[in-house]
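Taken from Swiss-Prot, the feature topological domain 'Extracellular' covers 1-26, 84-99, 163-191, 330-344, and the record attributes it to similarity to another entry. For 27-49, 61-83, 100-121, 142-162, 192-214, 309-329, 345-366, the entry in Swiss-Prot reads transmembrane segment. As annotated by Swiss-Prot, disulfide bond applies to Cys98-Cys182, Cys334-Cys337, with the evidence given as sequence analysis. Swiss-Prot lists Asp105, Thr110, Leu184 with the feature ergotamine binding site. The motif '[DE]RFG motif' feature in Swiss-Prot is assigned to 187-190; the stated evidence is similarity to another entry. Marked as S-palmitoyl cysteine by Swiss-Prot: Cys381.
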Amino acid sequence: MFQAAVGPLQTNISLPEETPGLELNWAALLIVMVIIPTIGGNILVILAVWLEKKLQNATNFFLMSLAVADLLVGLLVMPIALITILYDSDWPLPEPLCPIWLFLDVLFSTASIMHLCAISLDRYIAIKKPIQHSQYKSRAKVMLKIALVWLISICIAIPIPIKGLRNYPHPNNITFTSNHTCVLKTDTFQEFIIFGSLVAFFIPLTIMMIIYFLTVRVLRKKVYLLRSKVTQRFSYPIISTVFQREQAANPPQPEQPDSTGNSLARIQEKTDTDGMSSPTGDEKSFRRLSTMGKKSMQTLTNEQRASKVLGIVFLLFVVMWCPFFITNITSALCGPCDANIIGRLMEIFSWVGYVSSGINPLVYTLFNKTFRQAFTRYITCNYRNFASKEQGRSFRASTVDRMLTHISPRSSVAENAKLFTKQEIKNETTDYRSPLGCLQPSAQTSTGVVLDKILLTHTENCKQEERVSCV
């Protein structure tokens, strides 16, 4: 892919002629400063997605595979490109490695944009048709999609080694110029250069841009529809649960505590009595908040935030690779163009494209808090505190999940409360009573409880603070 050299490395000539060599060494130093962050940053991305459960979703699995491609660029492509620059673009390695190196170069750059295209398509389907997409959400199916992306990339790049190695041991007419520079010669690979640029970049880029704008449009529409349904504002903390009412004929039953005096849930309140007044009957009727609606709004907010981050990744990738592919097609179609100028532009734009492999981890660090925290822990080797916290959270979550699976919607509150006592759930807070129990004295009470979620909603005008004590 490199069709021009920078300048000869001369060390045994007079001082005035050493300037090109000095400039070349500075360029090599800058290139090394690009290679090292590319390798380190993408290793951090792979570790974060592999180890952090919060980051293990379909989009991030694609990003991890993208990081693998970028990591391989830093390990296999950039160092050899640096060597060719140090040797004045003369290929210093065994000649059969030239088509293999060109194959890896095309493969990884193609895989990068194919991953971004697959991410945009997968996210659009997930937002547009969540029910259908949920059927293909398992890790195995995501890995199958990733394998398909790599397979497509391999199929696009495979003509290079096939055509190059087939002409060995006389590959000079295939991948080497008269200066023994390892390149895709336009007279031999003209059709491949045009076809590869269209299939590997311009067509996926067009699809990706269309899908991205459609995704943003769908998200905005869903947010608008969801917000239009929310016409109630709450001025005090709320704990939202899902209750089943008895039939109208059944009289209200008082809540019976179990033998230990523990209730189903407990809450510790710290109330500022100044300026607080008891809510009226109309205000109490607004104290039921839809947990599902709140969760949907949070989900859409997260999707919008993720779309912005991916939009930045898309934009940077396009800005950094578009000049190379435009120049690449120009070199194949423009016969009268100066080969030296085209070659130098190809060399510069190739390295601009390589830089994009090291920028993605920086984008994740700046715009994603979970990635940023994970990177900080990995760099500082701080695993012990994080592991103990995660184990404690996992133990508490699993304990509560086991109890919730035994709660029956047909059992009474007191019977369900005994499950917490049997599991030795202890806390030292005051008993909690549902806000729905204070609605009206004649209202029906609930005998069956389905603990969907306990949701605390805080507003600016509220001075009352509540804390749910689970363990």
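Glycine residues also receive a Cβ, built from the backbone N, Cα and C atoms like all the rest.
Locations of recorded Swiss-Prot features on the structure.
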| residue | record | DSSP class |
| --- | --- | --- |
| Cys98 | disulfide bond | helix |
| Asp105 | ergotamine binding site | helix |
| Thr110 | ergotamine binding site | helix |
| Cys182 | disulfide bond | strand |
| Cys334 | disulfide bond | coil |
| Cys381 | S-palmitoyl cysteine | coil |
List every residue in the same chain as Thr110 (ergotamine binding site), at least 6 positions away in sequence, whose Cβ is under 8 Å from its Cβ.
Ser153, Ile156, Ala157, Gly196, Ala200, Phe201
Residue among recorded positions Cys98, Asp105, Cys182, Leu184, Cys381 with Cα closest to the Cα of Cys337 (disulfide bond):
Leu184
Counting only CB pairs under 8 A, let me know which of 100-121, 192-214, 309-329, 345-366 has the most with the transmembrane segment (27-49).
345-366
Which whole number of Å gives the largest C-alpha distance between any two of Asp105, Thr110, Leu184, the residues noted as binding ergotamine?
16
Cys381 (S-palmitoyl cysteine): which of the recorded positions Cys98, Asp105, Cys182, Cys334 is the nearest Cα neighbour?
Asp105
Quick one: give me the count of other CB atoms within 10 A of the CB of Asp105 (ergotamine binding site).
25
For a quick check of packing: other C-beta atoms within 10 Å of the C-beta of Leu184 (ergotamine binding site), how many?
26
Spacing of the two Cα atoms, Asp105 (ergotamine binding site) and Cys98 (disulfide bond), in whole angstrom, works out to 11
Highest CB neighbour count within 10 A among the disulfide-bonded residues Cys182, Cys334, Cys337?
Cys182
Including all protein chains shown, what's the count of other C-beta atoms within 10 A of the C-beta of Cys381 (S-palmitoyl cysteine)?
7
Under the DSSP assignment, what numbers of helix, strand and coil residues are found in the motif '[DE]RFG motif' (187-190)?
4 helix, 0 strand, 0 coil
Comparing the Cα of Cys334 (disulfide bond) with the Cα atoms of the recorded positions Cys98, Cys182, Leu184, the shortest distance belongs to Leu184
Just to verify a number: CA distance, Cys98 (disulfide bond) to Leu184 (ergotamine binding site), in angstrom, no decimals.
10
By a simple count, how many Cβ atoms lie within 10 Å of the Cβ of Cys98 (disulfide bond), its own Cβ left out?
26
